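If you check TrEMBL, you get these features:
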TRANSMEM  20-42  transmembrane segment
TRANSMEM  84-105  transmembrane segment
TRANSMEM  163-185  transmembrane segment
TRANSMEM  197-215  transmembrane segment
TRANSMEM  243-271  transmembrane segment
TRANSMEM  283-304  transmembrane segment
TRANSMEM  311-331  transmembrane segment
TRANSMEM  337-359  transmembrane segment
TRANSMEM  371-393  transmembrane segment
Amino acid sequence: MSNDIEDDSFTMPLGRWSVFYYGVGHMLNDITAACWFTYLLLFLTDIGLSPRNAATVMLSGQIADGFATIFAGELIDRFGHFKIWHGAGSILVAVSFSSVFGGCLPCKILATCSSTVETISYSTFAAIFNVGWAATQVSHMSMVNCITLNSTSRVVLASCRNAFTMVANLSLYGIALIVFDVSSAETHDDIENQYRWIAYVSIFIGCCFVGVFHLGTKEPRSKIGVQGDCHARISWAYWFQKVLYYQVALVYVLTRLVLNVSQAYLAFYVINDLRMAQSAKALIPAIIYICSFIVSVVLQGIAWNGQRLKAYYSAGGILWMFCGAAIFLLTRSLSSFIYAISIFIGIANALMTVTAVSMQSVLIGQDLNGCAFVCGSLSFLDKVSCGLALFILQSFQSKLSFI
């Protein structure tokens, strides 16, 4: 009788506070990820690292994230304890991220300014940061299905999380806008202080929300089926035999490449090529994200099918190509037009992201017992490919600097 009552409560809609407590649980990850892709390469090159060494730091983090995502998903599936994984990952994120933007600690201990020591130090903390990030991400995402069986509440939980992702990104760009506007950056120490303040304030805000999440969210009980029935886990080989898996993987990876690489190099372009004010490094990404969020909300009201997914994804890709051409042709005298271009970039990002993620659901279909592997493997491909792309581009930039 007690089990029936518990199952009934498990299928009831969640209250607003339960949704809120869950939704804020990814704020630390979101705000640090925005800082990672937007400012890491710029920070490392500004303090004296070569473009190739800066790319090595980024690559080490991306590869660590890719492998950690797969292993974290497998271990969480086996042993549970979502909040322990989330808390441990958050601690790693906070400590290591403050070290990534907090200066080279081994350099101070060894009293050396060797670029090799700097690269190894930043790469180590970047890898630790991404391992913690992966543990927090996987535990928070997989927790949804164990918090409730109510399909509407699951959508509400995901929507709340996405809303706070926007809050996290805009918080970062707000912090950066203030820091870049009120402080000067004439020396390497000034630059380090700027990014250190951005990182520390971001970590503080994220940790506050992590605390709210852990205080307000109960450890969910792992369930297998609504009535306790057990379904056999799907072999990884099952997915590798499906052509659709490779098609969706290609679409998803290309989408993440466009978003992450453009985000990483936008600050370089605004400052080095267009010679705009330091505050533009924060204002332009904020415009992109606001526009992307608005379009994402509008897209939620559309009845989707396979053909519509393809059409909207193609529209986003074509729009991005026009934006890329406009950026390529833009001159310093017309630099103000980057604000208008950023609006269309935000629209294109939303069209591509929403449809690419939705294609994962089409691939998974009714094979719910294999959804963790699908999400984890696609995330692995995303992280590694982005890391390699940034490494190659930075290496190319390093060669150009000697010409």
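The backbone N, Cα and C atoms fix where each Cβ goes, and this holds for glycine too.
Note that this is a predicted model, so its numbers are computed, not measured.
Residues of the same chain lying 6 or more positions beyond the ends of the transmembrane segment (84-105) and with a Cβ under 8 Å from any Cβ of it are 25, 28-29, 32, 35-36, 40, 43, 72, 75-76, 117-118, 121-122, 125-126, 128-129, 131-140, 143, 192, 195-196, 198-200, 203, 206-207, 210, 213-214. Outside the transmembrane segment (337-359) by six or more residues, the chain places 248, 251-252, 255, 258-259, 262, 270, 274, 276, 280, 284-285, 287-296, 299, 304, 309-310, 312-313, 315-317, 319-320, 322-323, 326-327, 330 with a CB less than 8 A from a CB of the stretch. Tallying C-beta pairs under 8 angstroms between the transmembrane segment (197-215) and each of 20-42, 163-185, 243-271, 311-331, 371-393 places 20-42 first. When Cβ-Cβ distances under 8 Å to the transmembrane segment (20-42) are tallied for each of 163-185, 243-271, 311-331, 371-393, the top count falls to 163-185.
Remote same-chain residues near the transmembrane segment (371-393) are listed as 41, 52, 55-56, 58-63, 65-67, 69-70, 73-74, 77, 130, 138, 141-142, 234, 236, 239, 245, 248-249, 252-253, 256-257, 260-261, 264-265, 360, 363-364 (criterion: CB distance under 8 Å, separation of at least six residues from the stretch ends).
Here the transmembrane segment (163-185) has Cβ contacts under 8 Å with residues 23-24, 26-27, 30-31, 34-35, 38-39, 46, 191, 193-194, 197-198, 201-202, 205-206, 209, 278-279, 281-283, 285-286, 289-290, 293 of the same chain, all six or more residues outside its ends. Residues 37-42, 58, 278, 280-281, 284-285, 313, 320, 327, 338, 345, 349, 352-353, 356-357, 359-360, 362-363, 374, 377-378, 381-382, 385-386, 389-390, 393 of the same chain lie 6 or more positions beyond the ends of the transmembrane segment (243-271) yet place their CB under 8 Å from a CB of it.
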